[in-house]
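Asker: The domain 'G-protein coupled receptors family 1 profile' feature in TrEMBL is assigned to 49-298. Residues annotated as transmembrane segment in TrEMBL: 33-55, 67-89, 109-128, 148-172, 207-234, 246-269, 281-300.
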Amino acid sequence: MPCECCMDRDNVSTGATMEFLLLGFSELLRLRVLLFLVFLIVHLVTLAGNMMIFMAVAMQPSRPPMLFFLCQLSAIELCYTLVIVPKALLSLVVVEGSTISFLGCAAQMHLFVALGGAECFLLAAMSYDRYVAICQPLRYAAVMSEGLCLRLALACSLGAFAVALGLTVAVFRLPFCQSRRIDHFFCDVPAVLRLACTQSYTPELPLLAACLLLLLLPFLLILASYVSIAEALLRVTSPVGRGKAFSTCISHLAITLLHYGCATFIYIRPKSSYSPARDKVVSLVYTIITPLLYPLIYSLRNKEIRGILRKMLRRKKIAQVN
């Protein structure tokens, strides 16, 4: 039975006129100028880094599968930061918090979950690419064809967007109480669920289902790929050959640990353990810091990316001289 303070969701105009207040970092008023400058610099560097990798790979006439997936990963990170960071910066400018409409909050949540889920599926596709490259090297070119890569990329995007749409619809069909203050800097799922006027655990079921599909399923696929890779590397007698094969997986492993570590901490737990202050710190790492680290990790560890970037800089210098 809904509580008396719940908003009447039967009114069609309620969703269109309703607004949420994102409190952001209102408890850190003295640090908001410093935080704004830090977040802005990190955001600009993140955009520049991911844009550089995206353009560098996209301009190549032929792209190996791992570079193709890396190009898609950079595109996801570009959209990811643009969905979250501008609103976070605005919450630092407005002392009392920034407002966001009902539809705007739903759209932000959907895009955030969809892009994060697409990244999970993409990491699973990249782990399969490493599995084929190490365990079936002679069949690599035949198996990881351009058609298969395109189908995997499309399936990652469509699957994540479908799951995110179902989760967003389920969350925003809940009755919300009159207090519409979201103690976060964006419309994250746990923060919005805190406003639901219900005492049961039923509202958490769609989040649990989404976690199973977007987090657990790709993680199991990644784990299976690396178990097979580990078994194949144990059969390699040469330490040099084993080291070279494993070095091709380090970048992917680092990004997978970063992505799944933060996501698991935030989403795979009961609503009762929700802590706004702690979750905002983890979300900062998840939404602002890790997108900055991704291009750094791949540009430092991937020889092909380093070679492409060097060619781009060389062409730029030649153009400037001419």
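Glycine is no exception: its Cβ is also placed from the backbone N, Cα and C atoms.
Remember, TrEMBL labels are computer predictions, not curated facts.
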Asker: Do at least three CB pairs under 8 A connect the transmembrane segment (281-300) and the transmembrane segment (33-55), leaving out pairs fewer than 6 apart in sequence?
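Answerer: Answer yes, regions in contact.
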Asker: Near the transmembrane segment (281-300), which residues from the same chain, at least 6 beyond its ends, have a CB less than 8 A from one of its CBs?
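Answerer: Distal contacts: 39, 42-43, 45-46, 49-50, 52-53, 70, 73-74, 77, 80-81, 84-85, 88, 184-186, 188, 251, 254-255, 258-259, 262-263, 265-266, 306, 309.
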Asker: By Cβ distance under 8 Å, which residues at least 6 away from the ends of the transmembrane segment (246-269) in the same chain are close to it?
Answerer: 116, 119-120, 123, 126-127, 130, 133-134, 188-190, 207, 211, 215, 219, 222, 226, 229, 233, 279, 282-283, 285-286, 290, 293-294, 297-298, 301-302
Asker: Give residue numbers and ranges for long-range contacts of the transmembrane segment (207-234): same chain, 6 or more residues beyond its ends, CB-CB under 8 A.
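Answerer: Beyond its ends, the transmembrane segment (207-234) has Cβ neighbours at 113, 116-117, 120-121, 123-124, 127-128, 130-131, 134-135, 159-160, 163-164, 166-167, 171, 189-190, 193, 242, 245-246, 249, 253, 256, 260, 263-264, 267-268.
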Asker: Which value does the mean pLDDT take for the domain 'G-protein coupled receptors family 1 profile' (49-298) in this predicted structure?
Answerer: 85
